[in-house]
Amino acid sequence: MSQPLRSGARSRITGVILAGGRARRMGGMDKGLLELGGRPLITYAIAALAPQVGDLLINANRNLDRYTGFGYPVVPDLDGSFAGPLAGMASAMQAAPTPLILTAPCDSPLLPGDLAQRLLSALEAERADLAVAHDGERLQPVFSLLHTRLLEDLTGYLDSGERKIDRWFARHRVARVDFSDRPETFLNVNTPEELQALEQRLRQEP
Ligand SMILES: Nc1nc2c(ncn2[C@@H]2O[C@H](COP(=O)(O)OP(=O)(O)OP(=O)(O)O)[C@@H](O)[C@H]2O)c(=O)[nH]1
Ligand SMILES: [Mg+2]
């Protein structure tokens, strides 16, 4: 069930780390670059995603030089209006050389090693346009595997002034993937207090 993807399947997927938000709850800092356990927060997502995909890119809107230093292409949103995660997904779909993108946020350091495998199984079994993680209580829309053929529809949606991710998903065939066995997976760091709490936890159980 949770075996790693074979290289043929991996090569169809570009991993996308979404790091393009304004991080207002973090005082406007660039969240992906904040340190956790002595290294930038985004490095946890990169380390988790890289072995699961054929290509990887980082979607960021600030500090592009620093993000480039992690060794993967960096793509900003198509416009500078900070239109939310869908804008990052659109930009990534345009840049990705593969038929699928797998998104994860830069502020979720506990990503599971079988994210791609579980989302891809459901995507194929349900012949869906996109597969989205569900934590047992709610959908986790920024943990998604999407066909890049959705780009045209997505840019049309954004150009019409829409922003809401759930409403855009509702226009498509969505496979919901149950991760209720892995509640930690979606832990994400939004405030300085949450970052500090996780820092302390990692120190206690490295
Ligand atoms: N590309 C892009 N990504 C975004 C944008 N807004 C949010 N995101 C990303 O979407 C994911 C989830 O967003 P949040 O956790 O709310 O992060 P955020 O919006 O930066 O933080 P807040 O301002 O505190 O809500 C994160 O990976 C963000 O980087 C945006 O305008 N463009
Ligand atoms: Mg936000």
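A Cβ is built for glycine as well, from the same backbone N, Cα and C atoms used for every other residue.
Since this is a predicted model, take the numbers as computed values, not measurements.
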Identity of the GTP-site residue among ASP77, ASP79, ASP114 (reference: LEU18, ALA19, GLY20, LYS31, ASN59, ASP107, source: TrEMBL): ASP77
For ASP107 (GTP binding site), the three-state class that DSSP assigns: coil
Whole-number mean of pLDDT values that fall within the domain 'MobA-like NTP transferase' (15-172): 97
Spatial neighbours, same chain, of LEU18 (GTP binding site) - Cβ under 8 Å, 6+ residues apart: ASN59, PRO85, GLY88, MET89, THR103, ALA104, PRO105, CYS106, VAL142
